[in-house]
Amino acid sequence: MKDKQASFAEGASRDLRAPLHVGVIMDGNGRWAAQRGLPRFEGHRRGVEALRRTVRAAADFGVRYLTVYSFSSENWSRPPAEITELMGLLKFFIRSDLRTLEQEGVRVRVIGDRDNLKADIVALLDEAEARTRHNSKLDLIVAFNYGSRQEIVAAARDLAREVAAGKISPDDIDETLFASRLGTRFAPDPDLIIRTSGEMRLSNFLMWQSAYSELVFLPIYWPDFDRQAFQAALETFRARERRFGGVLESEKPKVMTAS
Ligand code: FPP
């Protein structure tokens, strides 16, 4: 992060109406590049810059958890050269920004499957988590090689093993226990999920966790996402009435009392 002047600490006053947890589906890098006659890689490279801006803005806006969808389990079906580029960008991002993240109070957490990642990537992810584990201003949760269905299946498998081993009974399994076996076990459910590029779907991102999330779809490509767009999404969020399956106080029928 080059622009040290606009330090995360500057905007430290937490807006109590800010969502605690924001998820972001960073979509549209390829289309952003195609629109400009540039290679897709250029779109991803500019996507990293947008990610930097977003981390800084999230900290300034008082968001406590930011989850970014960086590489989905389904992204392996892309051409090998693009996969190599995306892996390279992750390495570049961690190598170039880890020190700043560390100094600015950001805790890096990585969710997703590490089994089929190369050893050097796993080592970098481990290093990023270890070096920032004492930080508590903002958790940057990088969903890398992540798929929500895979995460849910893994949780079910873990619980099945615990039942088979006699550690728990099937009746012990409830929503809280289930959520405690997900990659996001340390974070509250996202209040808000933002997706850029105009597509309106979750694409296997935080499907368990988003049961009551507000969804905001923006008609801009990810490389164009900036502080202003983030602010606008937060304002849309604030204007929404969250009911969590209930009714608002003001909508409850009035009980007539004798006077
Ligand atoms: C979607 O654009 C974006 C991705 C698949 C990857 C997101 C990656 C970054 C923002 C940069 C890399 C950051 C890290 C930390 C690895 P798309 O390629 O699907 O765009 P399209 O739908 O227009 O083709």
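Note that Cβ sites are derived from N, Cα and C of the backbone, with glycine treated the same way.
Per TrEMBL, the features are as follows:
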ACT_SITE  D27  active site
ACT_SITE  N75  active site, proton acceptor
BINDING   D27, E214  Mg(2+) binding site
BINDING   28-32, R40, H44, 72-74, W76, R78, R195, 201-203  substrate binding site
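Only D27, G28, G30, H44, in sequence order, out of the recorded positions D27, G28, G30, H44, L202, E214 have a CB under 6 Å from ligand 1. Taking the Cα atom of each, G28 (substrate binding site) and the residue listed as 'active site, proton acceptor' are about 14 angstrom apart. Considering only the recorded positions S73, N75, R195, E214, the residues lying within 10 A of the residue listed as 'active site' on a C-alpha to C-alpha basis are R195. Across the structure, G30 (substrate binding site) and the residue listed as 'active site, proton acceptor' are spaced 13 Å apart at their Cα atoms. Across the structure, S73 (substrate binding site) and E214 (Mg(2+) binding site) place their CA atoms 24 angstrom apart. Ranked by CA distance from the residue listed as 'active site, proton acceptor', the binding-site residues W32, L202, E214 have L202 at the top as the closest. DSSP assigns L202 (substrate binding site) to coil in the three-state reduction, outside any helix or strand. Following the DSSP three-state reduction, the secondary structure of D27 (active site) is coil. Calculated from their C-alpha atoms, the gap between W32 (substrate binding site) and E214 (Mg(2+) binding site) amounts to 25 Å.
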